[in-house]
Amino acid sequence: MNRPTIVSRRSPSEYAGGARPLGAVATTATVTGPGSAPTPGDASRPSARPGDQTQSAAELAEQWATDPRWAGLQRDYTAEDVVALRGSVREEHTLARRGAETLWDLIHTEEWVAALGAFTGNQAVQQVRAGLKAIYLSGWQVAADANLSGQTYPDQSLYPANSVPAVVRRINNALLRADQIETAERAASDGQAPDRDWLAPIVADAEAGFGGPLNAYELMHSMIAAGAAGVHWEDQLASEKKCGHLGGKVLVPTSQHIRTLNAARLAADVAGVPSIVIARTDALAADLLTSDVDERDQPFLTGERTSEGFYRVRPGFDAVVARGLAYAPYSDLIWVETGEPDLELARTFAEAVHAQHPGKKLAYNCSPSFNWKKHLDDAQIASFQKELAAMGYAFQFITLAGFHAVSHSMFELARGYNERAMSAYVELQEAEFASEADGYTATRHQREVGTGYFDRVATALNPDAATLALAGSTETAQFH
C-alpha cells in the first residue's frame, strides 16, 4: 500500500533549538495508517508535543507543599492519584484558571468582594459595567428561569445537572463579547474607549452535587470547562435538597460532605486549575440526618427516626461550628446558611473557626429571603457588610438579586404601560439616558449586542462593504 508523504514548507533550520510545531516533525515524514504502530525512531511521533501532560507526581506534591495557595488545605488523595487521572493531554481551561486566580487575589486584597446573583449574560455584563468585580450564579435562579429543561422549578435540584455549567458558559460568552466590542472600539478610537477587565470571576452553585462523590467530580469538571472560578457545595442530601430557607432539609454525615469537597478538589487538580472550593453547611436549621455513622454527628442525635428512616438531629450553632471546623481543611471559604441577618452569630462562628484555622476566609449570603428592615435599621443595614468584612467574610453576595431585579422592574414597567401607555416606556428611556453619565451604554442596544463589532468583521473581510448594519441605522441617527 502506498503511503502519502507530508512535505514541510519550512527547512529544519527554521525550527529554533530543534523544536517543531505540533505535527511538523521533519521535511518529509511517513504517515502511519489508522491502527498501525510507529516504528522505533519514527519521526512522525515526537516524544513531547505542545499540550502534553508533563508534570510529575513529585513536582505536584512539591507544589502543594510549598505554594502559599495551598497552605492549610488537606487532600485525602495523593499526587500520584492526580497524575494517573489526568490522561496524556493537558487542556488549558483559560477562563477557569484566570477567574480562580483573580478571585483568590481579590479575596485577599479587597476589603470584601461583593457580588450579585445573575442568571443571564446581559445581567452579568451590566454588573461588570457598573463596577462589580465578581459574579454569583445561584442554582435557585437557574431552577426558576434558566435551566436546560426550560421549566420553572423551586430550588430542589429538579433541573438537569448540567444547567448551571451551561449558564456559566453563557455568562462568560457575554463577558467575552463585551470585551471584544470594547477592544474593537478602543482600536477604532485610538485608545479613547474604556479599558476594563470584563472577565469577572464567576462563583457558581453546585447545590448538593446531584448525587455522590463521582457526580460531584464530574460536575466540577463541567464547571471548570465552562469557566467557573469558584464552586460551592452544601451538605444536604442531594435527592432531598431544599433551598436553605425552606424546611425539610436533610443533612448527610460530615464525612460524606468531606468526600464531596475532596471530589471537587480532585477534579480541579486533575484539570490543573486552582479553583475556589466553598463549603456550605445548612446545619443551623436542618433537623434531619441520613445516617448516624459519623461520630462527629452523634452528639446532635435526638434518638428519633422519621418514617423515611432519617435521624432527627438538633440544629443550631454548635452543629454549625462542628461542621465548619470539619470542612475548613478541605475548602477555601466556609459559608453558613442563616435564616436572618445576624451579626452576632456571624461573629461567634468566625471566632470559632479562626481559633483553629487562623485567617480562614468566610462567605456570607446577604439573602433576599431576609426581611432586612424587620431586623435592622437603616444605619445597621448600611454598615452590615463592612462589619462582616472585619470578621473575615471575604465574599458577600446577594443570591437572588437578578430574579428580584428583573421581576420588579418588568412589573413596574408593565403596570405603568398598562396605565399610561407610551409615557411609561419613555420614562424608562429617559432614565437610561440619565444613567449614561454613570457609564450605562445599553440605551444603544444595537451597539450593546455587537452590531458594530460584526461590522468590523465585515470590513476586515471587505473594506468596501456596502452592507454594514450600524451605518444608517436609527440608532446611529438618533442615539448619538
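Cβ atoms are placed via backbone N, Cα and C, with glycine included.
Here's what TrEMBL has on this protein:
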- CYS243: active site, proton acceptor (ACT_SITE)
- SER138, GLY139, TRP140, GLY244, HIS245, ARG280, ASN365, CYS366, SER367, PRO368, SER369, THR399: substrate binding site (BINDING)
- ASP205: Mg(2+) binding site (BINDING)
- 21-41: compositional bias 'Low complexity' (COMPBIAS)
- 1-61: region 'Disordered' (REGION)
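Here the features listed in TrEMBL are painted onto the structure.
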{"residue": "SER138", "record": "substrate binding site", "DSSP class": "coil"}
{"residue": "ASP205", "record": "Mg(2+) binding site", "DSSP class": "strand"}
{"residue": "CYS243", "record": "active site, proton acceptor", "DSSP class": "coil"}
{"residue": "ASN365", "record": "substrate binding site", "DSSP class": "strand"}
Rounded distance in angstrom between the Cα atoms of SER369 (substrate binding site) and ASP205 (Mg(2+) binding site): 17
Number of Cβ atoms other than its own within 10 Å, given for ASP205 (Mg(2+) binding site): 26
Other C-beta atoms that fall within 10 angstroms of the C-beta of TRP140 (substrate binding site): 24
By Cα-Cα distance, the member of binding-site residues SER138, TRP140, ASP205, ASN365, SER367 nearest CYS243 (active site, proton acceptor): TRP140
Farthest-apart CA atoms of SER138, GLY139, TRP140, GLY244, HIS245, ARG280, ASN365, CYS366, SER367, PRO368, SER369, THR399, residues recorded for substrate, distance in Å: 18
Cα proximity to the residue listed as 'Mg(2+) binding site', best match among binding-site residues TRP140, HIS245, ASN365, SER367: TRP140
Which listed residue (SER138, SER367, SER369) has most other Cβ within 10 Å, given these are binding-site residues: SER138
C-beta crowding around HIS245 (substrate binding site), within 10 angstroms: 20
